[in-house]
There are 2 protein chains.
Amino acid sequence: MSRFALTVEFDGRPFMGWQRQTHGPSVQAALEAAVLAVTGETVAVHAAGRTDAGVHGLAMRAHVDIDKEIGAFRLMEALNARVRPAPVAVTACAVVADDWHARFSCIGRAYAYRIVNRRAPLTVEAGLAWQVPQPLDAGAMAEAAQALVGLHDFTTFRSAHCQSASPVKTLDRLDVVRVGDRVTIEAAARSFLHHQVRSMVGCLALVGMGRWAVGDVAAALEAKDRAQLGLNAPPDGLYFMEAVYPPPSSRT
Amino acid sequence: MSRFALTVEFDGRPFMGWQRQTHGPSVQAALEAAVLAVTGETVAVHAAGRTDAGVHGLAMRAHVDIDKEIGAFRLMEALNARVRPAPVAVTACAVVADDWHARFSCIGRAYAYRIVNRRAPLTVEAGLAWQVPQPLDAGAMAEAAQALVGLHDFTTFRSAHCQSASPVKTLDRLDVVRVGDRVTIEAAARSFLHHQVRSMVGCLALVGMGRWAVGDVAAALEAKDRAQLGLNAPPDGLYFMEAVYPPPSSRT
């Protein structure tokens with residue numbers, strides 16, 4: 001048996017999300033079907049994190065155990081050939097230690113959220129960004145975001161379906177940058193609660209629209225009450241960007 | 001009657017191209033149907049340039065004459081509402097002088113061509129870029145491109161269906177830039193021949209792959225022979241980026 005670490009890119013539009021579902025297509029099921037086609041083996045592909053329906057991945061990390069003798073490059077090429085026409089691609093593949101786990105070894109996760117701030121509907125980017133017609137004050141959004149950085153109880157920004165043991169998390173980074181009519185929000189943490197990024201983005205957008213004051217984000221956080229959530233941003237604009245692991249040399 | 005200048009963004013994937021066709025959907029027909037729905041008027045929408053099937057536009061310019069009394073902002077909003085679900089959006093709209101012509105007043109056009117240089121198939125960008133699996137030497141491509149800049153007979157880089165009176169054109173700029181696995185080619189000229197950008201990109205890609213030497217591009221140009229064309233790049237990666245007009249004050 002060899003354990004392979006995969007870097008996976010996917011277009012979330014046709015999927016119910018990363019995780020295998022009985023009621024619709026998933027990225028995980030598409031990859032597992034490709035592994036079966038390539039190796040004849042029925043296996044689980046484990047990811048660094050789950051993503052919701054419609055959320056995209058540019059560099060999701062995953063691992064899979066395979067008995068068949070196959071090199072990492074050939075496995076990557078074969079998976080890409082077999083996973084079609086699903087919009088999933090393995091962009092990197094390497095053999096890793098048997099105790100390397102895409103989810104449990106992961107010490108950092110980063111997401112990006114893309115807003116197109118204009119009145120006109122999206123064309124090329126339909127389903128790939130959140131179109132917000134009201135003018136957004138990105139400076140106010142950036143200021144409000146800082147209240148969320150650090151160690152907090154993120155109950156307000158947590159889905160009712162969140163399975164995390166605790167709502168207390170440390171948010172390492174929440175940056176808001178405008179370039180032309182694009183407003184991009186980048187979030188980094190060891191881990192996130194279910195819907196946390198979309199919930200934070202939704203509230204920041206309310207600030208950007210002027211419907212919330214900058215201080216309202218801190219107040220919503222302080223309330224520790226999901227009912228205080230202003231807005232959950234749609235999945236379209238959310239991208240899983242990076243999973244961070246300790247360097248191999250530091251593994252015990 | 002008022003003449004409106006439109007800035008139009010469109011996803012080229014579902015269209016036969018800009019121009020109205022009897023055998024399939026076009027951007028022009030989608031816009032003309034929207035104008036009819038908004039104003040009751042059957043009009044022609046004239047663009048700065050035609051685009052082929054599958055080619056995208058981020059800021060195509062066009063004009064349309066409308067009798068109905070309507071403001072530019074309201075027209076833009078109404079067209080965007082009525083053009084759906086076609087992936088076409090009017091991103092700007094202004095009243096212009098009656099002699100302003102999207103095509104004939106245009107003094108400069110710019111295209112961008114997006115290559116994703118990696119082995120893995122595209123997911124989020126499927127149909128929105130050209131995936132080239134062979135490693136591309138962007139430096140060699142940039143060097144070869146310079147042979148095409150300036151006043152030349154571009155017969156080699158011209159489609160057999162080109163309706164231009166002359167194959168002699170001045171290419172103002174042909175830049176090749178790599179950022180990570182993205183290679184972007186930007187082309188600017190007063191006007192282009194049919195297939196010129198895709199033909200130039202195809203030959204530059206051959207240079208990047210090492211199948212052509214840098215000097216082969218100049219030799220192909222010098223041959224003035226379509227049969228010397230190495231490769232016509234697919235439409236997927238081509239974007240109409242900009243149309244340039246004289247400032248209103250300089251109009252006679």
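Note that Cβ sites are derived from N, Cα and C of the backbone, with glycine treated the same way.
In TrEMBL, annotation is done automatically, which means it is predicted and not curated.
These features come from TrEMBL:
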DOMAIN    A:8-104  domain 'Pseudouridine synthase I TruA alpha/beta'
ACT_SITE  A:Asp52  active site, nucleophile
BINDING   A:Tyr111  substrate binding site
DOMAIN    A:144-246  domain 'Pseudouridine synthase I TruA alpha/beta'
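Cα-Cα distance from A:Asp52 (active site, nucleophile) to A:Tyr111 (substrate binding site): 13 Å (rounded to the nearest whole number).
All protein chains considered, the CB of the residue listed as 'active site, nucleophile' has 18 other CB atoms within 10 Å. The C-beta environment of A:Tyr111 (substrate binding site), restricted to residues of the same chain at least 6 apart in sequence and closer than 8 Å, consists of A:Glu186, A:Ala187, A:Ala188, A:Phe192, A:Val197, A:Leu238, A:Tyr239, A:Phe240, A:Met241. Per-residue pLDDT, averaged across the domain 'Pseudouridine synthase I TruA alpha/beta' (A:8-104), gives 97. Secondary structure of the domain 'Pseudouridine synthase I TruA alpha/beta' (A:8-104) per DSSP (helix as H, G, I; strand as E, B; remaining residues coil): 25 helix, 27 strand, 45 coil. Sorting the domain 'Pseudouridine synthase I TruA alpha/beta' (A:144-246) by DSSP state (H, G, I as helix; E, B as strand; all else coil) yields 38 helix, 31 strand, 34 coil.
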